[in-house]
Each structure stands twice: as C-alpha cells, then as structure tokens.
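What TrEMBL records for this protein:
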| type | residues | note |
| --- | --- | --- |
| ACT_SITE | 75 | active site, proton donor |
| ACT_SITE | 75 | active site |
| ACT_SITE | 219 | active site, proton acceptor |
| BINDING | 13, 46, 66, 76, 77, 159, 192, 210, 211, 220, 221 | substrate binding site |
Ligand SMILES: N[C@@H](CCC[C@H](N)C(=O)O)C(=O)O
C-alpha cells in the first residue's frame, strides 16, 4: 500500500505527517520504526497522524508516535506542524483550531506572522500524574542516577518531563545521563529529560533527551516544562525565550492553574510517497 506523506519540522525536531482524514491509516509500532529509521526509512523523530475526531467540540484528532514505535500523549513542535499541515492541505481554513490528543484538547493558532501559538494546557506536578515515584509532591526531588545524585523538577505537559539545571549546557552529559534518566525506575512510563542552562530570568538554553527518540534538536513540550520548572523555582519570569540547538521558542506562563502558551515556527520540507508493508 502506497501512502502519501509530508516531511515537516519544528526547529529541527522532524516529523513524517500522514493525512488520516482523507485515507484510513493504521500504523503498527514496527511500521513506525521503519518509517522513522534514518537509513532504511524516511527518517524522523516522530510520526504524526492527523485524523477526524468523534467528538463534536474539536476540529481534529492527532496522534503521535515516537521513533521507537511507541504512541505518546503530546508533542509541542508537532502541534505547530499539525496546524501548518491542516491549512496547507486545505483540511480547514480556521486560524484557531481545537485538537484532541491522547492527553486532552490543545488549541493551536496560526498567527499572521506565519508563526504558530499553541495553548498547551495547564501543567501538572503531582507525582502520580507524571507518573513519578515519590512519597509526596515537592518543587524538586533528589534522584540517584548511577554514581550521581542530581536534583530534578518533574512536570507533566500531557507527557512526562524531568528538568535538570546545569551550569554549562555544552559540556552536559546529555546522551549518557539523559538515557539513564529516561529509563529510571522512578519513571514507570519513562520520561523526557531536559537539561537547562539559565542565561537571564527571560532566557534559557535547553537540550532534551527525548523518550523514545534520543536527543532531538528541539522539544516543544520540553521547552514548556523547563520554563515552568524555572518559573516555579523563581529563576525565571514569563515570557521565557528558550534557545535550543534548532532555534528559539517563546514560552508564556502566568503561574499555577494557568495554561502554558508556546510560540514558534513550523516548516514543510518535502512531500513523498512510501510503500507500507
Ligand atoms: N518532540 C516533542 C515531544 C514528542 C514526544 C516525547 N518524545 C514523549 O515521548 O513524550 C515535542 O516537541 O514536544
């Protein structure tokens, strides 16, 4: 079966996007891994499947699969690419869209500037909602990782994040420590591990070792989680510019109980067809 796809990216976090509105598409974890493979497939960090929703209070549903084949709850850079995709494909002409994801409804909006602003919902911190194994809720938690004892904040942006502050992002052991945090036994559903360097109260540098994809050039939900974790600890003030290796995002958060707003670009790279076996 031949499937049309669009290759997109948000700050270098790249996606293979399928139109599941006009054609019925079901992907197995093995098929996702093959599509995402950078040598034998198209290559991407995540696969996005745009579908009709059965709910009448939303415009679409979109599903997200990591490069390792696992379906996940949320994707910030993907949300911006999703909006650009449904507009470019003529699936809607509404600038503001309500979208069902596995972890709830988000509201992306295409701005006149061409950037996309997404209401990513209210962040959650209770250990059970991450999920993270802890006796009680705290601002940060000590975590034993191999020989190291690190201090992390945990945030759910619909998907799970651990955020660690470092002094120098360039020398941070993102690969080794990121992989160890991702599969730490205190995160029963694994976790995205963010390494944040605070530059000023309104600027951070961020690298994220993503669950199911390894380090990516940018992570939208990771940027939201890092900004929120920094604001809660009084290191940061909204708005926060998040400088990733793929470019910049702006995150706004008015504090507990408020939704996180993320603004950034979404780009189409090319269109193609692939044989799904
Ligand atoms: N790149 C994404 C996050 C994708 C999902 C994540 N790896 C997870 O497993 O939760 C983003 O931009 O937010």
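Including glycine, each Cβ sits where the backbone N, Cα and C put it.
Curation does not apply to TrEMBL; its annotations are automatic.
Proximity to the residue listed as 'active site, proton donor', defined by a C-alpha to C-alpha distance within 10 angstroms, is shown by the following recorded positions from 192, 211, 219, 221: 219, 221. In sequence order, 66, 70, 72, 159, 160, 182, 190, 191, 192 are the residues of the chain that are 6 or more apart from residue 211 (substrate binding site) and have a CB within less than 8 Å of its CB. Shown in sequence order, 74, 75, 76, 120, 157, 158, 159, 161, 192 are the residues of the chain, 6+ apart in sequence, with a C-beta less than 8 angstroms from the C-beta of residue 221 (substrate binding site). Residue 75 (active site, proton donor) is surrounded by 30 other CB atoms, counting those within 10 A of its CB over all protein chains shown. DSSP classifies residue 77 (substrate binding site) as helix under the three-state reduction. In this structure the C-alpha atoms belonging to residue 77 (substrate binding site) and the residue listed as 'active site, proton acceptor' are separated by 6 Å. For the binding-site residues given as 13, 66, 77, 192, the lowest number of other CB atoms within 10 Å of the residue's CB is seen at 66. The secondary structure of residue 221 (substrate binding site), as reduced to three states from DSSP, is helical.
Cα of residue 219 (active site, proton acceptor) to Cα of residue 13 (substrate binding site): a distance of 7 Å.
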